[in-house]
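Among the features that TrEMBL reports, site 'Transition state stabilizer' is placed at Arg19, Lys26. The site 'Positions MEP for the nucleophilic attack' annotation in TrEMBL covers Arg158, Lys217.
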Amino acid sequence: MFVAGKIFAVIPAAGMGTRLGAGIPKAFFELGGVTLLRRAYESLVAAGVDRVIIAASPDMHERARLECPDAVIVAGGKERADSVLCGLDAIADQLGHEAGADDVVLVHDAARALTPVEMIQRLMVVPDGVDCVVPALPVSDTIKQVDEQMRVVGTPARAALRAVQTPQACRLVTLLKANEAFQRDESGDFCPTDDASLIEWFGGTVVVAPGDERALKITHPIDVVIAEHYLA
Ligand code: C5P
């Protein structure tokens, strides 16, 4: 085990939040009077992250700056992965930091606003020989894999499945290299929905650590009800 060098966090917060239907980008939706973005940012700061970078749509930058005064704020991209990349680029371009072997970056969805600080702190130490640690929970549903005709083509053993959350703690150099390789890849047959899958695709080692129910991704209106329950 080693204690990380610098610890960065990138918050992709440029999603529209269409499924939540709040009429504003989801990161700026208020839960108990505080935006999801501010809650996520403050948890990362409380956990001891050195610098936080937020990727948000330009029309929300002023608001983001007010709510997260010490964060670096950059424009997001078309997909989540593009927004994460914009955030990663800022580490060198805006902070002038050259990635070292022991640096860690936590990529954390603003939508997981109630993630406990202790869970974030547990993830900040990436073991030797590991490139990425992701918080995960066992799944309670049986999961089917289907083809384009909706025919079931497989049922993975449930005991071996995990639902993953964020923050995902990656070695900064590995995530940068995985992103570079992905930018060069022209096959178009891989669409990463999280950062760990990009590292897996690149050939890195990803392990899971215990997640927490409170780190739920606030996506649909029912999630707001659950989150309010946790807040109460
Ligand atoms: O849409 P979804 O809930 O999967 O988004 C996860 C996170 O990625 C959210 O915090 C959202 O704001 C962010 N995102 C982004 N840029 C996009 C799409 C989503 O930063 N283009």
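Including glycine, each Cβ sits where the backbone N, Cα and C put it.
What TrEMBL says about a protein is an automatic prediction, not a curated fact.
Counted within 10 Å of its Cβ, the other Cβ atoms near Lys217 (site 'Positions MEP for the nucleophilic attack') come to 16, all protein chains included. Arg19 (site 'Transition state stabilizer') has a Cβ environment of 13 other Cβ atoms inside 10 Å. The subset of recorded sites (Lys26, Arg158, Lys217) lying with their Cα within 10 Å of the Cα of Arg19 (site 'Transition state stabilizer') consists of Lys26, given in sequence order. Around the Cβ of Lys26 (site 'Transition state stabilizer'), 25 further Cβ atoms fall within 10 Å across all displayed protein chains. A distance of 11 Å separates the Cα atom of Lys217 (site 'Positions MEP for the nucleophilic attack') from that of Lys26 (site 'Transition state stabilizer'). Within the same chain, residues at least 6 positions away in sequence whose Cβ sits under 8 Å from that of Arg158 (site 'Positions MEP for the nucleophilic attack') are Val139, Thr142, Ile143.
In the three-state DSSP assignment, the secondary structure recorded for Arg19 (site 'Transition state stabilizer') is coil.
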